[in-house]
Amino acid sequence: MANVVVIGAQWGDEGKGKITDLLSRSADVVVRYQGGVNAGHTIVVEDKVLKLHLIPSGILYPETICLIGSGTVVDPKVMLKEIEMLIENDIDISGLQLASTAHVTMPYHRLIDQAMEKRRGEQKIGTTGRGIGPTYADKAQRNGIRVIDLLDEQKLRERLRIPLAEKNNVLQKIYKELPLDQEKVIEEYLEYGDRLRPHVVDCSRAIHQAARNRKNILFEGAQGTLLDLDHGTYPFVTSSNPVSGGACIGAGVGPTLIDRVIGVAKAYTTRVGEGPFPTELEGSLNDQLCDRGGEYGTTTGRRRRCGWFDGVIGKYAVEVNGLDCIAITKLDVLDELEEIKVCVAYQLDGQKIEYFPSSAEDFSRCKPIFKSLPGWKSSTAECKRLEDLPPSAMAYLRFLAELMEVPIAIVSLGASRDQTIVVEDPIHGPKRALLNI
């Protein structure tokens, strides 16, 4: 038995969906532990392209239990649409489970999220407008609605009475929006509750039962380390904790249940929305990476900002998450480049630093110090073993591993499952295994 956490080591969109899908073959339970519909992952199975926001990637395996944990915030309308999409594609959803204590994104959360972002003007933070921040805010203020509340009309009415009145007041008086009709909201969300009822479980109890039965458990994070509420580029962050420690809180388990932590990072760097990005590229090279990498958000469709691999934030992700190994994705996107650069340090106000500044203002002033490496100018998409890669591609991977001081366990060379080189099984491999490439 081995229990593994998969996290994003950059600003999200690293390809966690594909890696989780790959690892789900060895997992009995897959747990999504934080985030909401602001995340998105794309899975390619044969000729099918499936885009999911809430439901874990492991749903493609009929024997796997897929659990949406207590640390997530759930938009039931979106979740039900995903269920319908999966059923239409003949995918068995009998293993899908939803934590009774997960908080629910209500219609006023979305309206307030969008209105707040519009009001910020030039100081916008780049929210997806899906209501995630306001949902987590209500949770922290003990004013939220949970999944279990949708299963009981009297409880929902009682729980919703004061929050809805307060939100309507805010919508009308501050944002000049129309108020929501309480009866319509109650009717709509009771229907969602009825449809989701068969999937609702006690999250922590379900996970501990699986652990007692010596099942392999995979904890799937959303977004990425640099978007973490406490450890990211605040305030340009998400409203939850994507780092590995968030798995314990969001799933209701102790840290001793976790055996290994695997990070996922692209062979370059991307970011969606606002916030500092030291290695960001401009012009034709940015366009080339964006087009070859298909860098458009699963959730918003927004074009991602592209840049060179940042080894400073890579090392930071290794430390903050306690990574045992890392998966490098989209190596093939670099196939046509003559020269590839990697950020090895920053210059901040004339001083060389090799750490991630805690202040977003300081981070925005950081200038990257690059190491240039030769490109390989040949396709890697069909390589099946490390030995098949061009020597310069091997050297690039070795450089990243040595820079971050973490072994590379997986190399992804495209969207399909078979475009993957597994160096070391992250679920059953030893902790901090040596890289041998």
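Note that Cβ sites are derived from N, Cα and C of the backbone, with glycine treated the same way.
Within 10 Å of the C-beta of Asp13 (active site, proton acceptor) there are 29 other C-beta atoms, taking all protein chains into account. The active site, proton acceptor annotation in Swiss-Prot covers Asp13.
Residues or ranges marked as active site, proton donor by Swiss-Prot on the basis of sequence analysis: His41. DSSP assigns His41 (active site, proton donor) to a strand in the three-state reduction.
Reduced to three states, the DSSP call for Gly12 (GTP binding site) is coil. Summarising the annotation, Swiss-Prot assigns GTP binding site to 12-18, 40-42, Arg304, 330-332, 412-414 and lists sequence analysis as the type of evidence.
Marked as IMP binding site by Swiss-Prot on the basis of sequence analysis: Asp13, Glu14, Gly15, Lys16, Asn38, Ala39, Gly40, His41, Thr128, Arg142, Gln223, Thr238, Arg302. Taking the Cβ of Gln223 (IMP binding site) as reference, residues of its chain lying under 8 Å away and at least six apart in sequence are, in sequence order, Gly8, Trp11, Gly12, Gly35, Asn38, Ala39, Thr238, Ser240, Pro242. Gln223 (IMP binding site) falls outside any helix or strand according to DSSP and counts as coil.
For Asp13, Gly40, the entry in Swiss-Prot reads Mg(2+) binding site, with the evidence type sequence analysis.
Within the same chain, the residues at least 6 positions away from Arg303 (substrate binding site) whose Cβ sits under 8 Å from its Cβ are Cys290, Glu295, Tyr296, Gly297, listed in sequence order. Under the heading substrate binding site, Swiss-Prot lists Thr298, Thr299, Thr300, Gly301, Arg302, Arg303, Arg304, citing sequence analysis as support.
Here the binding-site residues are Gly15, Gly40, Gly301; the one with the fewest Cβ atoms within 10 Å of its Cβ is Gly301. Whole-number maximum of the Cα to Cα distances across the IMP-binding residues Asp13, Glu14, Gly15, Lys16, Asn38, Ala39, Gly40, His41, Thr128, Arg142, Gln223, Thr238, Arg302: 34 angstrom. For the pair Asp13 (active site, proton acceptor) and His41 (active site, proton donor), the Cα-Cα distance reads 8 Å. Cβ neighbour count for Arg304 (substrate binding site) (all protein chains, 10 Å cutoff from its Cβ): 22. When the C-alpha distances from Gly15 (GTP binding site) to the recorded positions Gly40, His41, Thr128, Gly301, Arg302 are tabulated, the minimum falls on His41. Counting every protein chain shown, the Cβ of Thr42 (GTP binding site) has 17 other Cβ atoms within 10 Å.
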